[in-house]
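Feature list (source: TrEMBL):
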type	residues	note
BINDING	19-26, 83-87, 137-140	GTP binding site
DOMAIN	10-227	domain 'Tr-type G'
Amino acid sequence: MSQQLQSRRLRQPIVVVLGHVDHGKTTLLDKIRGTAVVKKEPGEMTQEVGASFVPTSVIEKIAEPLKKTFPIKLEIPGLLFIDTPGHELFSNLRRRGGSVADIAILVVDIVEGFQKQTYESLEILRSRKVPFLVAANKIDRIPGWKPIDTYSLLESIKSQRKDVQTQLDNYVYRLVGQLAELGFNADRFDRIRDFTKTVAIVPVSAKTGEGIAELLALLAGLTQNYMKTKLRFAEGPAKGVILEVKELQGLGYTIDVIIYDGILKKNDTIIIGGLNGPIVTKVRSILVPKPLQDIKVVKTDLTQIDEVYAAAGVKIYAPELENALAGSPLFVAENEQQVEEYKKIIQEEIASVKYYNANIAGIVVKADSLGSLEAIVEGLKQKNIPIRLADIGPITKKDITEAELTLQEAKEYGIIAAFRVKPLQGIEIPNSIKLIYSEIIYQLIDDIEKYITEVRESEKRRTLDSLILPGKFRLIPGYVFRRSDPVIVGVEVLGGIIRPKFPVMKKDGKRVGEILQIQDNKKSVDRATKGMEVAVSIKGNIMVGRQIDEGEILYTDVPKEDLEILLTKYKDIITDDMKEVIKEIINIKRVNDPTYALGLKV
Ligand code: GDP
């Protein structure tokens, strides 16, 4: 073993795949895994849980045609790919403000270009400070592209028609442009001088395999050249992160862990995060899939091993794992003092993600793992959505109480957002609270946003609907249809708005009655605005020719409170003509009430 250790000065970099749905993440991973299985020598592959190892020998074989272009001697033992692509698992690969992933492949459909989740992936990579390269996938879909039987893009390009090569470049430069807009310098990988300053774009086809050689060579070359310190292998006790917690039939609860540093041994004491605080337990078994001869064999048959070296993906069986938290760190402690130290670190880390503030009228967020909760909270913060409570685990009575308290203050935030968690048995969510559930982080955030907007809009409509708004109109001479009880006249709206039920006053402030109905071309309408000529019926103890005259100008009689709400909450609906009407109404009302609209800005 010591010999093996000496030759393993650097550990294998951990690689994740992110990108928009259907852009080919799964296909790409399958292609890489499949190729590795075909190219390996017996005994070269290690078996992993939740990840796939591609040894250096395989990378070198695949990249053979590139020897002249990329003369790198690989010192890393290979690459460890996380099997499940996308945000959800990536968020559990957390490590103190960063990520356990050393590098990411951002998959973009070269024809479709950047899409919603491409942007979201970039955002999450940026916030976790993970370097990445872009796999511009599906080059075989470029019109005229003739797939060549090679893993090398540069080899394939040589046999493509000139116009197809130009088309490929056009697509690549569109991606360069989209990345530039986000502040990233990018270029096709073979035109890059300084990889520390420029994001590499590798055109690939996950379907035909073209470009896989360059992709693997770059992943290996970049990590090895620029991350030596991070990849240096420590021979000490293991450090890792819990990817998933799973119940195995006949065995009980297990955790799938990515070990990113050190050595994990059977019987090691581990400290991990739990639903109710740190868990200290002893590793009963380290499980990996049985070596497989064929990629098609499903990785379900497990076998025990005594120890494992970083980087690796393994399943751990130990007592007391039922409350283990995905996304939590895992540490091996060698003595009591370390146990206490790590307990404290884990406690602090959990506390840094959870959140509660009884003074905030905000939403309640519940998630199944530390990583997903962290990603959701980050996403909500970016959208300025206030949070009252953010926690891990099923929905409880307390969550409902908190959401109800929020509801009293801000209706739009009366939400319980649930990510892959359900209410505890027997808990019913009241109708007044909106339960938003999703298994996709960004879907959840989108749905929350949508709901908040909807409630706001409807609240606004409701209150606006009940407000008496400023309006000014003139009785058109010669258009008196009925002189009294009720008065029916033709009017021209001079400014603002008039609606049924609005009280009406004269220029001297005297109330004349209330609008009953408005008709436009014999059809009943619920409003009339500046410039419109409509028929209006007014209920009141008045008669045209006595209290009011043809040609007279009337105003809506806007109560003080309504004007105040309008000027503070709905400023955006005030048109220029309404503004003038408001000023005139204020002058009329001030005669009898000097405090009318006092201190308000028009
Ligand atoms: P994911 O959602 O990002 O994991 O995307 P998938 O890997 O499931 O791929 C989505 C679809 O695109 C599937 O029908 C794939 O067969 C197809 N696809 C993926 N890669 C390629 C490619 O390189 N070329 C072509 N023509 N189709 C591809």
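Each residue, glycine too, has its Cβ placed from N, Cα and C.
Bear in mind that TrEMBL entries carry predicted annotations, made automatically and left uncurated.
Overlay of TrEMBL annotations on the structure.
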residue : record           : CB count, 10 Å
G19     : GTP binding site : 28
D22     : GTP binding site : 13
K25     : GTP binding site : 24
T84     : GTP binding site : 17
H87     : GTP binding site : 21
I139    : GTP binding site : 28
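With a cut-off of under 6 Å between the Cβ and any atom of ligand 1, the binding-site residues T84, H87, I139 reduce to an empty set.
In the three-state DSSP reading, G19 (GTP binding site) counts as strand.
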